[in-house]
Amino acid sequence: MAHRAEPPDGGWGWMVVLSAFFQSALVFGVLRSFGVFFVELVAAFEEQAARVSWIASIGIAVQQFGSPVGSALSTKYGPRPVVMAGGILAASGMLLASLATTLTHLYLSIGLLSGSGWALTFTPTLACLSRYFSRRRSLATGLALTGVGLSSFAFAPLFQWLVSLYAWRGALLLVSALSLHLVACGALLRPLSLMEDPVVGGPGAQLTSLLHHGPFLRYTVALTLINTGYFIPYVHLIAHLQDLDWDPLSAAFLVSVVAISDLVGRVASGWLGDAVPGPVARLLMLWTTLTGVSLALLPVAHTPTALMALAVAYGFTSGALTPVAFSVLPELVGTGRIYCGLGLVQMVESIGGLLGAPLSGYLRDVTGNYTASFVVAGSFLLAGSGILMTLPHFCSLASTSKPQDRIREAVETKVSLSKEEPEED
């Protein structure tokens, strides 16, 4: 274990960024490309699409709801063994899925087992990255999360090619082998001991303090609202375009434009988050507001030019808010409580992600179009942006101190007092 008084802002931290890049690709790249297997499984098991859809939904739900478990284990044992164990579970789930004979087997293998593995990988890796960086945290997070966008482009055609060569069972077997690389990603996570760690206590003490931490609770509510509307275009944009008589190929191209803009936004926002002075929460509020406005304006646009412009705006701003959203949390709770804090945020915000798409579909069924769906989705993001304005130091340009700085000062004061006590005796 490396011992440092404060985050090194580089060094081995860049290897952690590399690990997080491949880890995000091997988790969310696989999830985003699961549609390739979806068609094959519907045909193979002769089941309704809704029942097959539960495979990925269970996996996502387990990944998010299980994040506090990965966080608690990482706090106690360090991120390296936890992430390596998660890689083994994720690969084992895909391996067993290749032998499935019923949908229930897939629910248990991919949904429960692989989902549990993903829960042990994503949050601990991102939390470990946050502990290695302070001044460059937003840039490091942005670079790490570009793995999601790049893998989404690469994995979909790769998986389709594997299915055409080896059928869905053989392809899942190879995805299992690919997922084993999560073990190597975990091996790169060198534990880092910081000065504030003894002060924040164990997982139980951290959980208790976070549940009484007003700014953290407001931040969690804000991210839950943001998550409710964030994914709506990925689910219903193509259907909305087809309602406007777009052909499927053109609609798919527009979604690709959103993905490319998302990728550019993540890197640009990561750089800006470190370059612009003041609290990162301001940038998060800005990107969230712009994302909400672009979502609400989508139904108004009918010409290809207007839709393309709004797609680029949504992709860039929605990608830009992601790295700064993760950078705000260490400023609120300190790097010593980042494992527990990030796990709790992931668990709670998953409620918004699970409810957003069904609510959008319900509004489409009631109104007959997606106008209300996108307007309500944008409203959720704007509401979350409003809550972000209540965070501490949001309106103070001069305040640049972070929780870890205040904890460090408390530790130094305590040490100095303990040295003075013998002299008084």
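The first residue you see is number 1, and the count goes up from there.
Even glycines carry a Cβ here, placed using N, Cα and C.
So that you can see what the record holds, here are the features copied from TrEMBL:
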- 12-31: transmembrane segment (TRANSMEM)
- 13-402: domain 'Major facilitator superfamily (MFS) profile' (DOMAIN)
- 82-100: transmembrane segment (TRANSMEM)
- 106-127: transmembrane segment (TRANSMEM)
- 139-160: transmembrane segment (TRANSMEM)
- 166-189: transmembrane segment (TRANSMEM)
- 216-237: transmembrane segment (TRANSMEM)
- 249-268: transmembrane segment (TRANSMEM)
- 280-300: transmembrane segment (TRANSMEM)
- 306-326: transmembrane segment (TRANSMEM)
- 338-359: transmembrane segment (TRANSMEM)
- 371-398: transmembrane segment (TRANSMEM)
Which sequence-distant residues neighbour the transmembrane segment (166-189)? Criterion: at least 6 residues beyond either end, Cβ under 8 Å. 15-16, 18-20, 22-23, 26-27, 30, 37, 40-41, 44, 78-88, 90-95, 97-99, 114, 117, 121, 124-125, 128, 159
Look at every Cβ pair spanning the transmembrane segment (249-268) and the transmembrane segment (139-160), keep those 6 or more apart in sequence, and say whether at least 3 of them are under 8 Å. yes
In this predicted model, what is the average pLDDT of the domain 'Major facilitator superfamily (MFS) profile' (13-402)? 84
